[in-house]
Amino acid sequence: MEEDLFQLKQLPVVKFRRTGESSRSEEDGISGEHEVQIEGVRPELEPVELEDGAAVPKEFANPTDDTFMVEDAVEAIGFGKFQWKLSVITGLAWANAMEMMILSILAPQLHCEWRLPSWQVALLTSVVFVGMMSSSTLWGNISDQYGRKTGLKISVLWTLYYGILSGFAPIYSWILVLRGLVGFGIGGVPQSVTLYAEFLPMKARAKCILLIEVFWALGTVFEVLLAVVVMPTLGWRWLLILSALPLLLFAGLCFWLPESARYDVLSGNQEKALATLKRIATENGAAMPLGKLVVSRQEDRGKMRDLFTPHFRWTTLLLWFIWFSNAFSYYGLVLLTTELFQAGDVCSISSRRQEVKAKCSLTCEYLTEEDYTDLLWTTLSEFPGVLVTLWIIDRIGRKKTMALSFLVFSFCSLLLFLCVGRNVLTVLLFIARAFISGGFQAAYVYTPEVYPTATRALGLGTCSGMARVGALITPFIAQVMLESSVYLTLLVYSGCCLLAALASCFLPIETKGRGLQESSHKEWGQEMVGRGSHSP
C-alpha cells in the first residue's frame with residue numbers, strides 16, 4: 001500500500017486551458033484552468049507545457065471532462081497532415097488571382113485590337129467587380145445556410161465555366177457580360193478562407209491563412225509568365241482559357257473536402273461533425289478528446305441583422321471601410337503599374353497622354369517585353385508582402401499590422417509625386433504593392449476570427465462585397481482620372497489609405513491570441529482565451 005502511494009505521489013499535475021464552453025461550474029468557467037490532482041500528491045509541481053502547435057498527448061487528452069466542443073477537439077488534434085492537404089486544395093481556389101491579374105494585361109490588348117475608348121476599357125475591368133460585389137453577400141449567405149463546402153464548390157465551378165467561355169467571346173458586349181459572370185463566381189471564392197480557418201488550431205491560424213495567400217501571389221506571377229509566352233503567339237483568347245487551370249485542378253480535387261465541423265454542430269448535425277473530427281484525428285495521428293461532443297445552441301444563421309448587434313456594429317462598419325480601401329488601393333496599383341510603365345515615369349505621363357490625344361483618340365500601345373518584365377518584378381512583391389505580414393502579425397497584432405500596411409502604401413504613393421526614373425519607380429511600386437497586399441492578407445486573417453460561427457461566412461462575404469465596391473470604382477481613378485491629373489490620382493489613393501490606417505486603429509476587438517467564437521449570444525472573448533495565450 002505504501003509503495004502504491006509512493007508511485008501516486010510521483011504523478012505530475014497536468015494543467016489544461018479550455019477554449020470553449022462546457023458543463024462546468026460558473027466558477028470554473030471564469031478561471032479557465034483545471035488541474036488533475038490526487039489527494040496527497042504535491043500541489044507545487046509545475047504544469048506540463050506543450051510546444052507550439054503540438055497536440056495533446058493521448059494519455060492526457062481532455063482527462064477531466066465528459067464533454068468537449070469542436071474548438072477543444074481542433075486544439076487537441078493540432079496541425080498535421082490533414083491541414084497540409086487542406087492548404088493545397090483551398091490554395092488552388094485562391095489562385096483565382098490569375099483571373100484578376102489578367103485584367104491589367106487584357107485591357108491594353110483589347111484597347112488596341114478592338115479600338116476601344118478608355119471608358120470602355122475601364123468598364124471591362126469594373127464589370128468583373130460589379131459581379132463580385134453583387135454576389136459576395138449571396139455566397140456568404142449560402143455558406144452560412146447550406147455549408148461552407150457547398151458554397152465554395154458552386155462558386156468555383158461557376159467561375160471555371162464562364163472563365164473558359166469568355167475566351168470565345170466574338171465582340172465587346174459578349175466579353176463584357178461573360179467577364180461580369182466570372183466576377184459573380186469569384187465573389188464566392190473567399191469562402192475558402194472561412195472553411196480553412198475553421199479547421200485550424202489557434203496558434204497556427206494566422207500563419208496558415210497567410211501562407212495560403214502565397215497561392216494568390218503564385219497565381220499573379222504565373223499569369224504574367226503565362227502572358228509572356230502566350231500573348232505573342234496564341235493571343236488573349238488562349239490566355240483567358242489557360243488562366244482557368246488552377247480552378248480546373250480544384251474542381252477535380254474538391255470531392256476530398258469535408259464540411260466544416262463547426263458548421264455541422266451549429267446546424268445540429270452532431271454525428272457528421274464527430275465523424276469529420278475523427279477523420280482529422282486519424283489523418284494527423286492524434287487523439288480525440290474524451291467524452292461527448294457538445295451540440296451548440298442552434299441559431300439563425302446568415303442573418304444580416306447579426307452583423308449590427310451592439311457587439312459587432314462598430315466592427316462591421318470599420319471593417320467595411322478597411323476592405324473597401326484595401327481593394328481600391330490594391331487593384332488601383334495593379335492598373336496604375338501598366339499605365340506608369342508605358343509612360344516611363346510619373347512626370348511625363350500627362351504630357352504623353354496629351355500627345356496621344358493630339359494624334360488620335362484611339363492610338364494605342366501594346367505591352368512590350370520590358371513592360372512585362374517590370375510587371376513581373378512588381379508582382380513578385382506579393383511574396384515579401386506575405387513574409388513581412390507573417391513576421392509581424394503575431395507580434396504586434398492584427399489591427400496594428402493593417403494600420404502599418406496602409407501607412408507605408410500611403411507614403412510610397414506620395415513619393416511617386418517626385419520625378420523619379422524607371423528603376424526608382426519600380427522599387428516604389430514594389431514596396432507599395434508588398435505592403436498593401438500584406439494589409440489585405442491581415443484583413444483575411446482578422447475577419448473570420450472576429451465573427452462567430454453563425455455569421456462568419458456572411459461577415460466575410462459582406463466585407464468582400466465592400467472590397468468589390470472599391471475595386472469597381474478604382475479603374476475610373478487609375479485609368480480615366482489619370483488622363484486629367486496623375487497627381488490628383490495619387491493623392492486620392494494616399495488619402496484613402498491614411499483614413500484606413502485610422503480605421504484599423506479604432507477597431508474595438510483585437511483577435512490576436514483568441515479562439516474562434518462559436519456563439520453570438522455571449523460577450524465576445526469571455527470564453528475564447530485559447531491555451532496558447534499563456535504560453536511562455
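Here the Cβ of each residue, glycine as well, is placed from N, Cα and C on the backbone.
Since we're looking at a predicted model, the values are computed, not measured.
Per TrEMBL, domain 'Major facilitator superfamily (MFS) profile' is recorded for 85-512.
Annotation comment: TrEMBL describes 86-107 (among others) as transmembrane segment.
Residues annotated as transmembrane segment in TrEMBL: 119-142 (among others). Long-range Cβ contacts of the transmembrane segment (119-142) within its own chain (Cβ-Cβ under 8 Å, at least 6 residues beyond either end) map to 99-100, 103, 106-108, 110-111, 150-151, 154-155, 172, 175-176, 179-188, 190-191, 302, 304, 327, 331, 335, 457-462, 464-465, 467-469, 471-473, 475-476, 479-480.
Feature annotation from TrEMBL assigns transmembrane segment to 154-175 (among others).
Residues 87, 90-92, 94-98, 100-102, 105, 192-193, 196-197, 200, 238-239, 242-243, 246, 369, 372, 375-376, 379-380, 382-383, 385-386, 389-390, 393, 437, 441, 444-445, 448 of the same chain, all 6+ positions outside the transmembrane segment (209-230), place their C-beta atoms under 8 angstroms from a C-beta of that stretch. Residues or ranges marked as transmembrane segment by TrEMBL: 209-230 (among others).
Summarising the annotation, TrEMBL assigns transmembrane segment to 236-257 (among others).
Here TrEMBL flags 311-331 (among others) as transmembrane segment. Non-local neighbours of the transmembrane segment (311-331) in the same chain are 100, 103, 129, 402, 406, 409, 433, 436-437, 439-440, 443, 446-447, 450-451, 459, 462-464, 466-471, 473-475, 477-478, 493, 496-497, 499-500, 503-504, 506-509, 520, 523-524; each lies 6+ residues outside the stretch with a CB under 8 Å from one of its CB atoms.
The feature transmembrane segment is assigned by TrEMBL to 401-418 (among others). With a cut-off of 8 Å between Cβ atoms, the residues of this chain six or more beyond the transmembrane segment (401-418) that come close are 322, 325, 329, 333, 346, 389, 392-393, 425, 428-429, 431-432, 435-436, 438-439, 442-443, 446, 487, 490, 493-495, 497-498, 500-502, 504-505.
If you look at the transmembrane segment (424-446), the same-chain residues 6 or more away from its ends with a CB under 8 A from one of its CBs are 190, 193, 205-206, 209-210, 213, 216-217, 319, 322-323, 326-327, 329-330, 333-334, 336-337, 340-341, 345-346, 374, 377-382, 384-386, 388-389, 393, 398-399, 401-402, 404-406, 408-409, 412-413, 415-416, 463, 497, 500, 507, 511. According to TrEMBL, the feature transmembrane segment maps to 424-446 (among others).
Residues or ranges marked as transmembrane segment by TrEMBL: 458-478 (among others).
Per TrEMBL, transmembrane segment is recorded for 490-509 (among others).
Here the listed stretches are 86-107, 236-257, 490-509, and the one with the most C-beta pairs under 8 angstroms to the transmembrane segment (154-175) is 236-257. Within the same chain, residues 314-315, 318-319, 321-322, 325-326, 328-329, 332-333, 346, 399-400, 402-404, 406-407, 409-410, 413-414, 416-417, 436, 439, 446, 450, 477, 481, 524-525 sit at least 6 positions outside the transmembrane segment (490-509) and bring their C-beta atoms closer than 8 Å to a C-beta of that stretch.
Here the transmembrane segment (458-478) has long-range neighbours at 121-123, 125-126, 129-130, 132-134, 136-141, 143-144, 183, 187, 190-191, 193-194, 302-304, 306-307, 312, 316, 319-321, 323-329, 331-333, 335-336, 339, 443, 447-448, 450-451, 489, 492-493, meaning same-chain residues at least 6 beyond its ends whose C-beta is under 8 angstroms from one of its own. On the 0 to 100 pLDDT scale, the model's mean across the domain 'Major facilitator superfamily (MFS) profile' (85-512) is 81.
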